[in-house]
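Engineer: The structure that follows is given in the form of structure tokens.
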């Protein structure tokens, strides 16, 4: 028996191995599939645009598994590649060993992005799928830096720093800020030098990124420098960069590190870049610019804040990133009553604010309540666009209730947003509590509308779930001028619907607070009638009524020209087009793509979109009784079995409950029959017989 089982197992695995070999061998190239590049045509082909190149060995198992994926990717993308001017190519490193040696290829397969000047970055996503490769191609084809030939021929502005030079910086002797990179080498005098980095595959691509950073920051009078950690082990180890001094784990890849040194300061002047490694320059540049600007606590005027809040933002632009989607944290004080100690809190905010993108710190010597009230009134001008409907009224009492504070305090304004926020600083205690202030800042730290992609969806879903119930995603496209213009209009409609919903949400909050007040007053009245002790009455009167600020919306837009496989990746089923809106319930990961009438959810009709928000979060205020039907993200079930989503959403406990119920239904009748038989049997055994119950007779004597 054991021998037969062993033979079966061996036969099974032999079949699997054969099938795998057959599958790999059967991967025939599609018609027109290009031959691998070689030393003769490599540079000529690179001169024609962007190239994603697979450096492979025909004897490498991983390369063999990648081969059919690469062919499918090329075939599906070949027409789009002509439009985007980016090509999928290959190099056989057995036939072109010298070429692979010149390109420092250390393992197979290695997938790299090249432009006419040479290597830009590596593709490091796993698993390597057709979808991830195509998404990478689309993303990189739209990055203007990748085709900037002037940049590639230019030199880096970064200065080589000896250990003594860096110590001078942190001693406060610099007059300009320095963004400094740290490298696992001792030989890099110029950051453009061609070097071999051990266990640092990302170092080569970051050299180009660092050049971009150095040139962009030079415009802002921010210096850049680089430190060789192998030459300065003590400094790097003290900074927590010990892995750049020597290899501690040969299997782990190392990454360059970056830190900012502020000038003319001997303390609180060194800040590590907080967001981890990236081959993109934007995050580093924003970090350096904002942190340096924030460290100066610049003044701002009411007029400047009003202009920023009233700004009409185009979230999509034909060139470059959106530059006016910022958040402004303003320290507001009365010059007649402020004391020098009140300003100390600003120094403690520099470091935590450096970790939040797009947030700027300012100060102003006046109360901004009137500005906040006036801006809030502008929101009602926007949402009262339909004269045929009942005009919505600004609830001044609710506004006052949510802006009670004393000076000094903090206000927060967002570009393009008429809604501002006031920190509840009722006393000096709150205004000197850095944790309380940062908790409040983080709660409102998302920009007005955020670009959603595969890298940040999960982060947005988990962001402040107690306050923000839903994430609304507008689908747009940035393929050309016409689409960009139309997409900006769609995002503005999304904003309009969200402001209408915000009015209803605030009115509902106000009603709930008044109900709690009435219940509290009724409770006080009752205990007074019962002639309760004075201390109990006082305790009841001191009970605080919580002002719950929940069921808010997070807004985002998804560029489907960049993220065509986004829906498949996250298991969001259905056919989608530009203009559609997807609402994700952040509490249970359900998504909704139909309105109250079963039609595709879009922002073309802001009122229907508003009603979708209301139906999900405040059904008692909804105009329509019909409920929205949602699906679970990454549900394993077909639409026909969507009722099973609730089981899958509860994970293992959900399936265990179903199994228990199934067993109960299956075994229930037989268990019940056995129970009846046993009960009947016990009843027969307890029969008294012809002599009667002897114990009873004894009791009768």
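Quick reminder: no glycine exception, Cβ is built from N, Cα and C everywhere.
As annotated by Swiss-Prot, disulfide bond applies to 60-63, 200-203. Residues or ranges marked as domain 'Thioredoxin 1' in Swiss-Prot: 28-142. The feature N-linked glycosylation site is assigned by Swiss-Prot to 85, 264, 299, 370, with sequence analysis given as support. Marked as signal peptide by Swiss-Prot: 1-27. Sequence annotations record features per position, and here Swiss-Prot assigns transmembrane segment to 646-666 based on sequence analysis.
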Engineer: What does DSSP give as the helix, strand and coil breakdown of the domain 'Thioredoxin 1' (28-142)?
Structural biologist: 47 helix, 26 strand, 42 coil
Engineer: Out of 60, 200, 203, which of these disulfide-bonded residues shows the lowest number of other CB atoms within 10 Å of its CB?
Structural biologist: 60
Engineer: Can you tell which of the recorded positions 60, 63, 264, 299, 370 lies nearest to residue 85 (N-linked glycosylation site) in space, using Cα positions?
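Structural biologist: Nearest listed residue in space: 63.
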Engineer: Express the distance between the Cα positions of residue 63 (disulfide bond) and residue 264 (N-linked glycosylation site) as a whole number of Å.
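Structural biologist: Pair distance, Cα basis, whole Å: 54 Å.
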Engineer: How many neighbouring Cβ atoms, not counting its own, are there within 10 Å of the Cβ of residue 299 (N-linked glycosylation site)?
Structural biologist: 12
Engineer: What is the pLDDT of the domain 'Thioredoxin 1' (28-142) when averaged and given as a whole number?
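Structural biologist: In the predicted model, the domain 'Thioredoxin 1' (28-142) has a mean pLDDT of 91.
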Engineer: Which of these recorded positions is closest to residue 200 (disulfide bond) if you go by CA atoms: 60, 264, 299, 370?
Structural biologist: 60
Engineer: Rounded to a whole number, how many Å is the Cα of residue 60 (disulfide bond) away from the Cα of residue 203 (disulfide bond)?
Structural biologist: 25
Engineer: Given the recorded positions 203, 264, 370, which lie within 10 A of residue 299 (N-linked glycosylation site) by CA-CA distance?
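Structural biologist: Taking 203, 264, 370 one by one, none has a Cα falling within 10 Å of residue 299 (N-linked glycosylation site).
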Engineer: Rounded to an integer, what is the Cα-Cα distance in Å between residue 203 (disulfide bond) and residue 370 (N-linked glycosylation site)?
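Structural biologist: Each residue's Cα considered, residue 203 (disulfide bond) and residue 370 (N-linked glycosylation site) end up 52 Å apart.
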Engineer: Ten-angstrom check, please: count other Cβ atoms within 10 Å of the Cβ of residue 370 (N-linked glycosylation site), all chains counted.
Structural biologist: 10
Engineer: How big is the gap, in Å, between the Cα of residue 264 (N-linked glycosylation site) and that of residue 370 (N-linked glycosylation site), rounded to a whole number?
Structural biologist: 37
Engineer: What three-state class does DSSP give residue 200 (disulfide bond)?
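Structural biologist: DSSP call for residue 200 (disulfide bond): coil, neither helix nor strand.
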